[in-house]
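Per TrEMBL, the feature compositional bias 'Basic and acidic residues' maps to 327-341. Among the features that TrEMBL reports, domain 'Cation efflux protein transmembrane' is placed at 37-227. What TrEMBL records for 327-349 is region 'Disordered'. Residues or ranges marked as transmembrane segment by TrEMBL: 36-58, 70-88, 104-123, 135-158, 179-197, 203-220.
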Amino acid sequence: MQICAYIRCWKGSGSMGHEHGHAHGHGLSGAADRRWLTIALALIVGFMSVEVVIGVLANSLALLSDAAHMLTDAASIVLALIAIRLAARPANGKYTYGYKRAEILSAQANGVTLLVLAGWLTYEAVRRLLEPPEVTGGLVLATALAGVVVNIAATWAISKANRSSLNVEGAFQHVLNDLYGFIATAVAGLIVLTTGFARADAIATLIVVALMVKAGLGLVRESGRIFLEAAPAGVDPDALGRGLVDIEGVDEVHDLHVWQITSGDIALSAHVLVRAGADCHGLRQRIEHLLDHDYGITHTTLQVDHSHAVTSSAGAEAQRLLPVLDDHCDDAHGPVHRDRPSSAANAAP
């Protein structure tokens, strides 16, 4: 008996078959990511401790806001490190995808903390715009310049990790926005030092807030798309479906779903109807090749059945392709939903 549907199965050893033909390299990538993130964490925590003391002495909201941002930087990196370890755990009976989406949870948490911190800093900046306190410009400038150097080093370290991971990108955006903050603070300190314009400190904070909101919204939006299992950016399911139907021998594709398990790990499932007598296994391989070559999708689950034309009293033009069980595919592969011939004819163009 020859079965057309492509079904993942349990191997004789008791482990679930992995149908992908590519090497993941998650372990190597995860170890490298942890190393670079740990270097960035050490730089940030060390400088943050110094900055809090100087910010209090200089009475600078910009410095204290940078220190608060660095605290969230440190938290985001710790969260990213935890998520990387969780994501490396193998799949089990309850979590069939493993813990890969722990990294997406981490990215979403990083986005939310950026937005919350932006809200608090906006409040403080507006308050200081209305009643500007005395700011020690020289101390602010010196500390901010040192912060620029430290954050450049931390940003460089995280950039060496795998930024295609939304988890790593979340930590990167935290540190990058902190770098912007130090640059703005240095400019504010120079203005205060040379002109005495104390409101420059609060204005610099608001500039950083705008950058934080942009980065935070981006992380929340992208992680939300993955949790809602939206089609990945750059993949148009309609165009993809049309491309599959264009393959010679494929009559219809429906129940097409494309989603991301985690960053860069795209999955697809579909029910494919092929012409009666066609080599459904060969067509399935052609479809997989197209998905891999054109879209980079290697995690596929395809149910392939033969189809035949059903006509009714409406005439030969009113046809509907429906799965059938013939001598080539004589067992049902999961649920088969069939329209009545009359309904199919009425629905046909």
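Here the Cβ of each residue, glycine as well, is placed from N, Cα and C on the backbone.
In summary, the transmembrane segment (104-123) does not lie against the transmembrane segment (135-158): fewer than three C-beta pairs, each 6 or more positions apart in sequence, are under 8 Å. Beyond the ends of the transmembrane segment (135-158), by six or more residues, the same chain brings 36-37, 39-40, 43-44, 46-47, 50-51, 54-55, 57-60, 62-63, 66, 73, 77, 168, 171-172, 175-176, 178-179, 182-183, 185-186, 188-194, 198, 201 to within a C-beta distance below 8 angstroms of the stretch.
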